[in-house]
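K.L.:
My questions will all concern the structure given below.
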Amino acid sequence: MTTLRMKNPAASRQPTRFNWLKIAVFLLALLPLARAAWIVLSGMAVNPVEFITRSTGTWTLSFLLITLAISPLRQLSGWSWPLRLRRMLGLYAFFYGSLHLTTYMWLDQFFDWGGMLHDIAKRPFITVGFAAMLLMTPLAITSTQGWMRRLKRNWGRLHRLVYPVAMLGVLHYWWLVKKDLTQPLLYGTALVFLLGWRLYRRWRQP
Amino acid sequence: MLIQKPADIAPSEITPEGVYFNRRQFMLGSAGLLLSGETLAALAGKKSPLSSADKPNSLKEITTYNNYYEFGTDKSEPALYAGSLKTRPWNVVVDGEVGKARSFGIEELLKQPLEERIYRLRCVEGWSMVIPWIGFPLASLLKQVAPTSRAKYVAFETLQRPAEMPGQRSRVLDWPYREGLRMDEAMHPLTILAVGLYNDVLPNQNGAPIRLVVPWKYGFKSIKSIVRIHLQEQMPATSWNMANAHEYGFYSNVNPEVDHPRWSQASERRIGEFLKRKTLPFNGYGDQVASLYRGMDLRRNF
């Protein structure tokens with residue numbers, strides 16, 4: 001669609017502005033990865049695997065929360081342009097989540113399948129983290145225009161899975177920390193507000 | 001005619017032993033001057049047969065990756081904030097079930113016969129390091145106060161000074177930090193009070209000016225910046241056990257068989273290594289300490 005419009009200079013004004021926005025957000029969203037790569041490659045991280053695991057994990061949660069903030073932002077501000085960024089931000093949540101899972105499977109477990117199955121079955125924080133990734137996968141797969149058309153009304157139903165995904169993600173962080181709950185509390189509070197806003201609107205406008 | 005192939009030259013033939021063994025002192029000296037701008041008193045410790053042959057971690061790794069919640073819960077925070085701690089004057093009170101209770105000034109403690117002990121340190125979180133401590137056996141200090149027959153346990157306490165220890169302004173743990181050992185563990189020759197590492201005084205983030213090192217137990221047992229040692233008949237309360245008794249026991253011996261409820265303790269990542277290592281029972285010190293726990297169910301007494 002974009003390419004078609006690009007060929008017609010007369011109609012390209014408005015879409016071009018949005019493309020710039022998309023390109024800017026696309027690049028911005030890669031900054032956490034660039035930062036992590038810089039810290040690891042320059043030798044600043046004493047325990048690089050732990051650092052990569054934490055960094056990709058917290059950025060997965062951040063992108064999930066940013067994605068969930070799009071609708072409230074539109075409703076509160078009346079702007080419609082944030083909606084155009086939602087799919088990309090959601091896909092970035094999946095992207096950082098995949099890096100997080102890969103780090104665990106490769107650099108932590110070295111593909112010890114037995115050990116991983118044991119972890120998933122026995123360690124609740126891994127169980128919920130794994131479940132969140134599993135539930136996020138169909139959302140990433142069906143994020144295309146084609147799947148939106150094919151699934152029709154069910155597409156919206158399916159994508160409500162993002163709510164349990166975010167809840168499981170916060171729970172995963174909550175159950176993982178040793179003592180200091182400050183960070184998980186921050187993510188948890190943001191999630192409560194984002195989901196609470198939706199409940200509030202539903203209750204106010206039946 | 002037989003042409004002899006020269007034998008491979010061993011690295012020891014190229015670098016004189018003395019230079020090799022002192023390379024860190026040189027590095028540390030320059031680093032210390034750069035960082036502090038003052039002259040730190042270098043400490044010498046006699047080599048010990050109890051030292052591990054494992055290659056020590058770098059000074060940078062040892063001093064920038066610390067769990068010391070008094071200066072923040074992130075492992076990079078102690079190196080950033082521990083500079084505010086004043087370690088002079090410093091006294092360690094040793095009292096309780098002893099014949100000669102008294103207080104030891106840090107100057108006196110630094111004059112004990114010091115040894116270098118290169119020990120493995122295994123954190124309960126699943127990583128490990130090798131650290132060249134300078135210190136002396138805790139037993140030699142305890143003998144000076146003449147423990148009574150009722151001294152069954154030794155309780156330790158860290159300094160509580162929120163003005164200099166920003167982490168103590170939050171309630172993340174019940175301050176002051178407390179730890180404890182059974183008397184036989186405290187008297188064991190492997191158990192030391194460390195006053196330095198890498199031939200210099202302890203950096204603040206590593207528990208200056210004096211800390212406990214018990215190499216066969218998880219790192220949190222090795223309490224830092226000690227101000228009180230109390231001998232007593234009852235098993236003392238310990239900080240992590242008070243915080244979460246389900247996850248942290250009094251003994252906390254390194255044990256690959258007994259998982260932390262939330263993660264496996266079967267393997268560990270040695271800082272600086274890519275692949276994980278198998279964790280050894282008692283952190284590899286089983287030959288020396290396993291007999292202390294003969295007949296005990298270590299699954300229950302975790």
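FYI, residue positions are counted from 1 along the chain as it appears here.
In case you wondered, yes, glycine gets a Cβ from its N, Cα and C as well.
Among the features that TrEMBL reports, Mo-molybdopterin binding site is placed at B:N66, B:Y69, B:E70, B:C123, B:T158, B:N206, B:R211, B:S222, B:I223, B:K224. Feature annotation from TrEMBL assigns domain 'Oxidoreductase molybdopterin-binding' to B:87-240.
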K.L.:
Widest Cα span across the Mo-molybdopterin binders B:N66, B:Y69, B:E70, B:C123, B:T158, B:N206, B:R211, B:S222, B:I223, B:K224, in Å?
P.N.:
19
K.L.:
How many neighbouring Cβ atoms, not counting its own, are there within 10 Å of the Cβ of B:T158 (Mo-molybdopterin binding site)?
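P.N.:
Taking every protein chain into account, the count is 25.
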K.L.:
Three-state secondary structure of B:R211 (Mo-molybdopterin binding site) from DSSP?
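P.N.:
DSSP call for B:R211 (Mo-molybdopterin binding site): strand.
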K.L.:
Under a criterion of Cβ-Cβ distance under 8 Å and sequence separation of at least 6, what residues of the same chain contact B:I223 (Mo-molybdopterin binding site)?
P.N.:
B:F156, B:E157, B:T158, B:Y177, B:R178, B:E179, B:G207, B:R211, B:L212
